């Protein structure tokens, strides 16, 4: 009897002490502090890959779902049709916050939201998002490249086993689609201590606005020259025959 | 080795063998494309093909094909490709390669109509049928071959003086893509009633007055009437079905298109730098004038040989256009085999001009690659390469015009 009682007490003490450290969703404070997000841009030119990696310590909770909330600048765009094709090929799961105009230049476009559901790849969560640079307004000051900055995404987490997230300060609770199929909204935990990394940036080449006069003059001169040469050739070798007005 | 090649080539120049082989080659390319799409990251199929198929899917669901962003074609195309959704994804490609081989056959028929022997016609046709460019383009799922078939069929019907059929095909061609509308003037001039002996004898001012009367004849009215009915009928039908979107995406977008992204056009950089400036409209007009003038001159100068006239028309239109992509080249390449028998260029000169044309594209493609895929600022080089390409195209056209020999005039007059 006494053994049972003491066992119960020990068990209660142990259970009680972890109560403050873990909420009912299996996400422990200590484990959450090991989570970090890194972002990198690979490739060159107008077509790049945005690689986001979520690192964490041991003790990966069962049924953990992660969601990266990217707020992408107007200087780049994402091709939703390319995403649809990649979804079939590589399983990339992405939800676009709004329709993206594939052809508009940067100064007529806006920031947009992208939700990426990273996949587990050899013990880390990773997602590779193909992004494309937009054409920017030509520079007047001789600047040859425009720096487009991409801020770190927000990371939000939840577990499958969870139906109701209890408030778990300092982490905020946010609502977001449960899966990429966007059929229902779930509650997620926002991990906020990650904002230490500097934003990544990529360079987009710019036209040189200071050359507008020589370019216009040069273009019109060459096209006029070609027009004159062709006209002369047509005039000399043309079979005008029935066109009385010119003969 | 050389004799084996000769024997193979002579066997190939048999009409049935040539067409069968061309179709099989394209079939193999389509099959390879299906395999590549399934297994490799870089896809064989062109983006446009997916655009067409997505638009067809919307149609099968009873919606407008214009819900598919970047679908800038006639709804007719999406309607024709609905078997892509119902039967097989590869139906469209099979249709396009069939139209491609059909274009080759139409070239053959026109050449035979002009008096070439079967063997000579086959040799010239093989420039299209065994050419990797049209074979590649249609097997990748681009719809250009439908248009080339329509344009060639129009020319064949005009050659055979089948005016109503020619007008129907022409109306359809203009509905599908705007550029054949530039052929209206040469066609009108070619349909004019020929002067008879008495009319030639009077003073020039009387002949000048007689010109509009000879131009506005029964055949022209028939052609214009039928083509107009077909074009307007299709426009009204699709406007009723899909509203303003149809007009905007199929026609207005292409007419007002100001693509500031890099392309072969000599005007690209000028339009990019002045995109938001008040001079933009004036410059657009300045760019349009050389094109218009040259098209007008070519119509007057060469309407007696409609195929040559249309070839020059399209080559000039594409070279002097504000936007130029490699797909546009097919629009005049399909007419080149019709022009070739009347050129006095030697094979060596022909190959040199061809090499020059490819070199012009290569000079542009190199800095364009470095801009798009390596991120170097090569805008100035691309601009200069675009101007160079225009100069090369103009030079090649001058060579073609200079070495063009029209069919013997006295023989033509005797025949009349």
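Heads up, the Cβ atoms here are built off N, Cα and C, so glycines get one too.
Taken from TrEMBL, the feature transmembrane segment covers B:12-35 (among others).
Outside the transmembrane segment (B:90-111), and at least 6 residues removed from its termini, the chain residues within Cβ reach (under 8 Å) are 15, 19, 22-23, 26-27, 29-30, 33-34, 45, 49, 52-53, 80-81, 83-84, 120-122, 124-125, 128-129, 134-135, 138-143, 145-146, 148-149, 152-153, 155-156, 159, 307, 334, 337-338, 341. If you look up TrEMBL, you'll see B:90-111 (among others) marked as transmembrane segment.
If you look at the transmembrane segment (B:220-242), the same-chain residues 6 or more away from its ends with a CB under 8 A from one of its CBs are 64-66, 74-76, 163-164, 166-168, 170-172, 174-175, 187-188, 191-192, 250. Per TrEMBL, the feature transmembrane segment maps to B:220-242 (among others).
Only residues 6 or more beyond the boundaries of the transmembrane segment (B:352-370), in the same chain, are considered here, and those with a CB under 8 A from a CB of the stretch are 262, 264, 326, 345, 376, 378, 381-382, 385-386, 388-389, 392-393, 395-396, 399-400. Residues annotated as transmembrane segment in TrEMBL: B:352-370 (among others).
Marked as transmembrane segment by TrEMBL: B:382-404 (among others).
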For the transmembrane segment (B:12-35), distant same-chain residues with Cβ under 8 A (at least six beyond the ends): 44-45, 90, 93-94, 97-98, 100-101, 104-105, 108, 118-119, 122-123, 125-126, 129-130, 135-136, 138-141
Tertiary contacts of the transmembrane segment (B:382-404), as residues 6+ beyond its ends and Cβ separation under 8 Å: 262, 264-270, 308, 312, 315-316, 319-320, 339, 342-345, 349, 353, 356-357, 359-361, 363-364, 366-368, 371
